[in-house]
Amino acid sequence: MVQFVAQADEKVKDDERRLSILSESVKQAQGYRLTNFATDPWQTRHIPLFLGVVLGFLGSIFFLSGDQYGQVNILVLLGLFVGVPVLGGLLSLLPLVNLEPPAVHQFKARLFTFWGRPIHHNDERLDKLSVLYHGQYVGVGFGLGSLLALLLLLVFTDMHFVWRSTLLTPQLLLPVLQVLSLPWFFWQSAQPTMELLTATQDSRLTVDAARALDFKKWWPFVMACQLCYGFILRLVMMAIIRWRIAAVIKMSNKREAKRHRHVATTKSFSNTTNQLPDKVVVLNWASFADATLTQLNDVIKKHPVITAGPFSSKQSSLDTSSHYLVLVKAWEPPLQELKDYLQHCKGVIYPVELQREKVSKPKPHHLQEWQRFTETLQDWAVYVEEETL
């Protein structure tokens, strides 16, 4: 008995070492996957950022250059620096709600691969988040390019901001601009006013040099729009997406670790089988009732059944030339008495798990305990049904 306990303790320590190594491997894999995905674009793949900077710089230079008088329409800039980023952010959310056409997703996937980040076909959620992340990455570049273009033009040119519209009036436009400027309420010089709107309403047929000073007062508002909607909004969305990516990877790693633990539990020992010899004698060591044996008909079939064990009134002698299928209670630890009874025979041990009097799959730690037990016996294995392996 002491020898068996010592052997079992040694097996427990060995399993703990295996699980420790497995846990460390999973942690390393999790860290690599998260670090590799979240930091690679910033360290080695600058194509999306560079593309966004070029598009933002060239587009802003074109629109900020103005007309032949150097006048820039504020409404056009609102479309470029507010409408495009906000609309782009909304469109980039389509993959998350399954509203994106397949052709659009395939086009994004090809661009995504061209940038050097292959699609993760094993996780559709990670695919969508990856495309969305790189879309925001391009948007950040666009915002940087736009800011650079505005700063250069403010320093080296004389920019005049006006607004022209056939339908809009200062009374209609002011509430819209006030809502847009709420994020920078503390920046007073970047707040639109009725006086500024009235003074800078322009017509193509009139050029008033006396109002040149008023035309220049719009630049803080334009820069604030670029910073808030074209740059900071993209950074916030990128941070949220990075958090979502980390959560998806963490859940994926948990599932993978659980699967590995299950495999390590059920397959870490070689003495497990899901097949029985053609001829076996069923040994009802646990003294299961007839109702339980009926549920095991698929396994025991028409093989002869004998009763033995601590709850049996008589102990049947075993034939050393026969193969035995020993029925035991999975939740009860193996005893030295059973080892002594089986040591001169051969066969398989079937740990039977009962849940509310119904046969169910044995729990992993119960199965592992019986696997350790059979390793102390010669010519014995644990019988596990095929779907449990």
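Placement of Cβ uses the backbone N, Cα and C atoms for every residue, glycine included.
Predicted automatically and left uncurated, TrEMBL annotations should be read as such.
The transmembrane segment annotation in TrEMBL covers 47-65 (among others).
Sequence annotations record features per position, and here TrEMBL assigns transmembrane segment to 72-94 (among others).
Sequence annotations record features per position, and here TrEMBL assigns transmembrane segment to 137-156 (among others). Among residues of the same chain six or more beyond the transmembrane segment (137-156), those with a C-beta under 8 A of the stretch's C-beta atoms are 41, 48-61, 64-65, 80-81, 84-85, 88-89, 219, 222-223, 226-227, 230-231, 234-235, 237-238.
Distant neighbours of the transmembrane segment (168-187): 75, 78, 82, 193-194, 197-198, 201, 220-221, 224-225, 227-229; these residues of the same chain sit at least 6 beyond its ends, with a Cβ under 8 Å from one of its Cβ atoms. According to TrEMBL, the feature transmembrane segment maps to 168-187 (among others).
Residues 56, 74, 77-78, 81-82, 84-86, 89, 92, 129, 132-133, 136-137, 139-140, 142-144, 146-147, 150, 154, 159, 161, 177, 180-181, 183-184, 187, 189-192, 196, 200 of the same chain lie 6 or more positions beyond the ends of the transmembrane segment (218-241) yet place their CB under 8 Å from a CB of it. Per TrEMBL, transmembrane segment is recorded for 218-241 (among others).
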